[in-house]
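Listed in TrEMBL for this protein:
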- 16-99: domain 'FAD/NAD(P)-binding' (DOMAIN)
- 119-138: compositional bias 'Basic and acidic residues' (COMPBIAS)
- 119-148: region 'Disordered' (REGION)
Amino acid sequence: GNVKGLEVVRVKWEEDENGKFQFKEVEGSMEYIKADLILLAMGFLGPEPTIAEKLGLEQDNRSNFKADYGRFATNVEGVFAAGDCRRGQSLVVWAISEGRQAAAQVDRYFMGKEKESTVRSQEQEVHENRQQQEHSNEVGKTCLFTSH
């Protein structure tokens, strides 16, 4: 479907009766933000379990979102995944590289351009990624979604 906006609520950390901290919704904090593109950034714990189910996204055996490297398109039309949510915990250079490539694919999707006419060769991307990996040992996290 077409994204029109996003309903959000503020949350706060509160300790429950068992001494565990949980997010608790702040009453009356719901807001609606108009949008035609939504980007979600998630960390190493993996995607929120209900996101895949609610969006109808296929997952691999490690619960990463299935999306082909290079296209980053998932099984759901207009939904893209990149970085840790697609490949699992990895180096920041991979997250940056995949984020850039996925953004280009999202742009092509919205602009209706053919991938073959504008995408650099995957061999060049792999070579650049290897060079970046040699110069970094940081860990990063990136996840990109969009719906049109």
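Using the three backbone atoms N, Cα and C, a Cβ is placed for every residue, glycine included.
Across the domain 'FAD/NAD(P)-binding' (16-99), DSSP helix (H, G, I), strand (E, B) and coil residues number 19 helix, 15 strand, 50 coil.
If you average pLDDT over the domain 'FAD/NAD(P)-binding' (16-99) in this model, you get 85.
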